[in-house]
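Chemist: Just passing along the structure, written as structure tokens.
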Amino acid sequence: MKLERKLAMRNLLRNRQRSLLTSIMIVATVSLMILFQGLSDGGHRAMVDIGIKMGLGHVLVYQQGYNDDPSLEHLLVDAAATGQQLQQSVPELTHMVRRLHLNGLIQAGANGVPITLAGVDPGLEVQVSRIADRKSMTAGQTLAELPRERSGNGLPGIVIGEQLARNLEVGLGDRVTVSVKPKGSSDLSREAFLVTGIFKTGMQELDAFWAELDIADAQRLARLGQEVSVLALYLDDVEKVGPVAARLSSQLPAGKYEVLRWDQVAPELHSAVMLDAAGMYLLMVIVFVVVAAAILNTILISVMKRTREFGVMLALGASPALVVRVVFWEALFLALFCIALGGALGYAGHYHFATEGLNFREVFGTTLEAGGVLLPDRFFSFIYPGKLAFSLLFVLLLTLLVTIYPAIRASRLAPVEATRHG
Amino acid sequence: MARPEAGKTAVLDAPGNASSTKKATTMANTSVIRLEQVGKVFEQKKQRFQALKQIDLTVESSEFVVIAGPSGSGKTTLLNLIGLLDQPSSGKLFFNGRDLSQCSSTELAQLRRDQIGFVFQAYNLMPVLTALENTEMVMEFRGMAADKRRAAARKTLTALGLGELMDRYPDQLSGGQQQRVAVARAVAGEPMLVIADEPTANLDSRTAESLMDLMSQLNREHGITFIFSSHDPRVISRAKRVISLCDGSIVSPVSQAVEFSHAV
Ligand SMILES: Nc1ncnc2c1ncn2[C@@H]1O[C@H](COP(=O)(O)OP(=O)(O)OP(=O)(O)O)[C@@H](O)[C@H]1O
Ligand SMILES: [Mg+2]
């Protein structure tokens, strides 16, 4: 082993207690950093995932102008053809659903509530949407579970939120009237529906102001043909949203379509995730400061206690550069050891939560809501390898950075220090 | 320690060995160190203290010189200047004929590394290195090949009676043993000059005696110039030349023509 590495390593081992204390501090912070990073990013992914499943989608394709004026004037007319084109040009696609959104009034007896009506393909929607999911149903059936033939009195089915049902004072099997303003007419179009299902998502705006029905019923109600409001695309990985949206924007004919990402359509969800991520970054900064201070402290003490030793080396003709290298190796060995151990421990923790998941209700005793989205009870730790590598590398760089001062201090000692005794 | 008998067992190389003869002859007419009107002033908290005053001193190659004087007389200050660890405030210092006033600290460090061996009063071995590694260290600074420097270190340690203790760390050695390792470190690289500031101060008289034997033997057989300081009369009496310091001045440069004798 080269002299400087030998000196560095043996000095760390010689001052085992000091090295160990510093190591514990750094190992703990590094492993907690990884654990928090994994849980935080896992939580964000869960939030995004839930948001996307609340009647949204990863990438949304609209007719040009729909987002400025979401009226019946800006509907996708040739949704079927566009859909086919998208199926072929987006290999990342796992699901694609069409939806028709209508503003309407729902009435039962003397009660009336303005709501959003979502006309959906029941069979497809159940695969991508939390609203249409069996698990969200508190009573009745999902639209997909409804028999094809209409029930006895021949009314089409509608699924409404739990809060809405309470506000309307209706229950399963009750009759409601839905009115919308059809395209190109000022008279209301009105139809009766049967409440066949009641859902609960935990999101106020869905549970109190949302109803889902078969897209064919919605189109008929609004006196439309095959027009839809949106084609919602679901991808195999949320990380691919950006590239796919960008690609589609340039591929699809300009001026005809509008391609938006989920975070553009639901900015409040996006900012909730970002805010939380900002908190995470703050935590990381604290971690970095702690690690830097711990290493600076150890190395500085170690250098000051060895004034004589470094003085002797310099007196015997060692170059200042050699002394600098000894100090740097010491810091590097300490940092590498701690990063490796902390990394392994942190990753083990992450692995546990990545496979077992973290149960919010168990840990916090309550459900969590962020950005208007109810977080799932259980979510899974997730680590972006690049981000992890960057943080670990940053800890390493930080170590070397804070070592500059003690190293230079040691190398600038006067060789006469060697002759002082006492 | 099996003390090698003079003339019988050589400490490093055999006497009259090619390298030592060469050193002895080429250095003969050049002074190793020459001080001209050298003064040293310490300034601390606006207080000036003249530690050395107008020192004129020449030490020739292969000399065995002691600097004697009471505590505070400037012995360490002078040895630090001679050992190129510190720079004079006034006057000129020549090392091996070279004026050092223009030398950079890097050049001074290289001169120390290549030409000067040091023995400190407090031994000052590297605590994390074994006796062997300590002895090798200066040669490693020089960039010497590992096998060469290891061989040289082993030979020196064996010759100094430390053959069995090579792999021990300093804290596993007695004071006398540590100081012998320090001497080994100073001479293993075959320097031109060895500086020793009170090398026996922390040793008992018997150990001090044998360290003196060792140093004078290295001087005789190897032609290495020794300059050391002491205020122990028994140690001073072993030197060929005594320079007495008092209050920063040389008082009576007594040249002892007494030939060193092994029997004490
Ligand atoms: N760095 C310094 N700053 C100020 N004064 C100093 C410094 N080094 C030495 N001195 C002073 O210079 C004088 C000579 O000191 P030096 O250490 O050379 O004496 P010495 O002969 O080696 O003494 P001792 O036998 O006690 O080792 C002393 O009065 C001392 O206080
Ligand atoms: Mg002294």
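A Cβ is built for glycine as well, from the same backbone N, Cα and C atoms used for every other residue.
In case it's useful when we look at the structure, here is the feature table from TrEMBL:
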type	residues	note
DOMAIN	A:19-249	domain 'MacB-like periplasmic core'
TRANSMEM	A:20-39	transmembrane segment
TRANSMEM	A:278-301	transmembrane segment
DOMAIN	A:282-414	domain 'ABC3 transporter permease C-terminal'
TRANSMEM	A:322-348	transmembrane segment
TRANSMEM	A:388-408	transmembrane segment
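Explain the structural surroundings of these features, please.
Modeler: Listed as Cβ neighbours of the transmembrane segment (A:278-301) (distance under 8 Å, sequence separation of 6 or more from its ends, same chain) are residues 18-19, 22, 25-26, 29-30, 32-33, 36-37, 40, 327, 330-331, 334-335, 391, 394-395, 398-399, 401-403, 405-407, 409.
Beyond the ends of the transmembrane segment (A:322-348), by six or more residues, the same chain brings 3-5, 7-9, 11-12, 19, 22-23, 26-35, 38, 295, 298-299, 302-303, 310, 313-314, 383, 392, 395-396, 399-400, 402-403, 406-408, 410-411, 413 to within a C-beta distance below 8 angstroms of the stretch.
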Chemist: Averaged over the domain 'MacB-like periplasmic core' (A:19-249), what pLDDT does the predicted model reach?
Modeler: 88
Chemist: Using a Cβ cut-off under 8 Å, which residues of the same chain at least 6 positions beyond either end of the transmembrane segment (A:20-39) come close to it?
Modeler: 280, 283-284, 287, 290-291, 294-295, 297-298, 334-335, 337-339, 341-343, 345-347, 349-350, 353-354, 358, 381-383, 387-388, 391-392, 395
